[in-house]
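Q: My questions will all concern the structure given below.
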Amino acid sequence: MRSAQNSVVSEYKVAATPKWDENADDAVANEAKHAAEFEVITSGLEHPQVTIKSLVVGTIMGTFTSVLAMYYSLKLGVTPSLNVLSGIGGFMLCRALMKTQFFGKHFTVQENVVIQTCAVACMSLASQAGFGSGILGLTENVFLIMGNTTYAGNLASDVIDFTWLRSFGWCASIALFGFFISFPLRRKFIIEMRLLFPSGTATAVMIKTLHTSKEAVEYQWNVLLKSGVFAYVWSIFVFCFNGLGEFPIFGEKAAGFTRGNDNDVLSKAQRQAYLDKIFESAHIPTWSWVGGLVVFATVSVVVISLMFETVKWYKVLVCCLLIPIFAIGIVQGTGMTDWNVSSAVGKLILFVIGSWTDGNDKSIIASLILCQMVIVGCSQAADLMQDFKTGYLVGASAKSMIIAQIFGACMSCLVVPTVWVLMNDAYTLPGPLLKAPFGEVYRVMAITATVGLSGLPTYCGYFMLVGVVYTIVFNLYIDNFSESKNKVLNVIANHCPLPMAVSIGMIVPASFGLEGMIMAGIIAYWKSKDEDSFEKTQYILAAGLMTGEGFSVLTQIIVTLCGGSAPVQVSYAMTP
């Protein structure tokens, strides 16, 4: 792998690099900046990429981000992209550990990407395996919240206790199948189609910046530390006053309404051709990814059908055959929009499997389990392609990325069940602190798919029909008139509420929308006043806030498991 890359390096001769001069014109200054970043890439190709250091740090970051991913999944039902946080956190942690002299003297940008890739693979199952959605929907608490057996189709037999061992078996059965789908697609989407993959690109930009500029590192350390401490202190403060976060900001009555540049084109072309050569220097034989698909499809069929008696082996096999078909479109969509629609495909499978009943079997276990299996497989393919894009932009070997992904996925089989059990023991799921809104949603959808519309509340079918018509009409109008020359039609189209955003707002807790609105206002003001500062700080600030809250969640779990609780209880009521 290294010899192939070294041959590419020897073929490429870097042109004279213009030195940085604050009095130079914008084109020369911009070229100097890109040349400095590119020098970081070429200098790192002489060193190993997959090292003990990168795998250890990747696992540590993967464990931490698994806690975050599980927490957000259970709190909001939505997990933000943690790629940038994994890359920044891996850089900071690796720099700190290297001071102990145990991890060598070299730390390259490619090694940083391996850390980030390993971490993302390690935490992927925390958000995708269904512990905040379909799998949660099979737990006893969700069964009871839905009214026990009084809800039509809500059967007591469709309750599963996901212990650590059962959770490990579930994670092991789905951990690796989706990764092998991306191997033959990487050249098509990254080199031929030049898809952006926004999260992967943002991660690569951030990692290159950290390795290029000492001033940038010091500045970002400062922002990360301050924002992290602020988020930690605020989260612990709210935890100490139990109920403070439930303040009815719109009043007690309203609270009941909701549950809850062109001059350097030549140089860019040269750099791009160089990166293409590096990316293609690692040959992945066809038999490896085909064999991987066959082997891990077999593992899925055997393990899932044995663990869950109501899930027939042939249904699992059908899903294994459908996942690659759906994944191709999902990966392409993710590359263009950064929006992973795996969950939408999973819901489609849920209704297909739910209606595929055997005799009088009305169990929802098969539909929920296979729904999550499809979501995981498609999401893994999209996630790996994001990482391939990051690796491509920093000259990392495709083989290094694959090794990191496989290692991280294997570690996730141990990390994610542990995080799930700790969360389940420390909190009531769903409960007042972690509302886990998608647990009920997925169980209701599974019952509807099995029982039919009779399992829904009165008139719910009509509301669903209105939602379908609204989505079709508004999407067609927005797509056709958002660039219209007619000013009236254009203004209306650009201010129409997107049905996808509306649907998310109806499911997640109301506080999520309020927090997003406040932050959107702050960002708009900040960007209008100092766009340079915003562009330089936004990712590291977001990473710091998430890091601080992550450490806060760990602290709260430890306190709760040790028998501690909030010292102050806060409640709100209307005065007579």
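Every residue gets a Cβ built from N, Cα and C, even glycine.
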Q: Using TrEMBL as the reference, determine which range in 187-205, 339-357 is annotated transmembrane segment.
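A: In TrEMBL, the transmembrane segment feature sits at 339-357.
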Q: Which residue range, 118-138, 433-453, is the one TrEMBL calls transmembrane segment?
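A: Range annotated as transmembrane segment by TrEMBL: 118-138.
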Q: Six or more residues beyond either end and a Cβ under 8 Å away: which residues meet both conditions relative to the transmembrane segment (167-185)?
A: 121, 125, 129, 131, 135, 284, 286, 288-289, 292-293, 296-297, 299-300, 303-304, 307, 320, 323-324, 327-328, 331, 372-373, 376-381, 384-385, 388, 402, 405-406, 409-410, 412-414, 416-417, 420-421
Q: For the transmembrane segment (287-306), could you work out the same-chain residues 6 or more beyond its ends whose Cβ comes under 8 Å from its Cβ atoms?
A: 169-170, 172-174, 176-177, 179-181, 183-184, 312-313, 316-317, 320, 324, 369, 373
Q: Using a cut-off of under 8 Å between C-beta atoms, tell me which stretch among 55-74, 313-333, 459-478 contacts the transmembrane segment (364-382) the most.
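A: Result: 313-333.
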Q: For the transmembrane segment (402-423), which stretch among 55-74, 80-98, 118-138, 339-357, 459-478 has the most Cβ pairs under 8 A?
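A: Ranked by Cβ pairs under 8 Å, first place goes to 118-138.
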Q: At a Cβ cut-off of 8 Å, and with pairs 6 or more apart in sequence only, do we get at least 3 pairs between the transmembrane segment (118-138) and the transmembrane segment (55-74), yes or no?
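A: These two stretches do touch.
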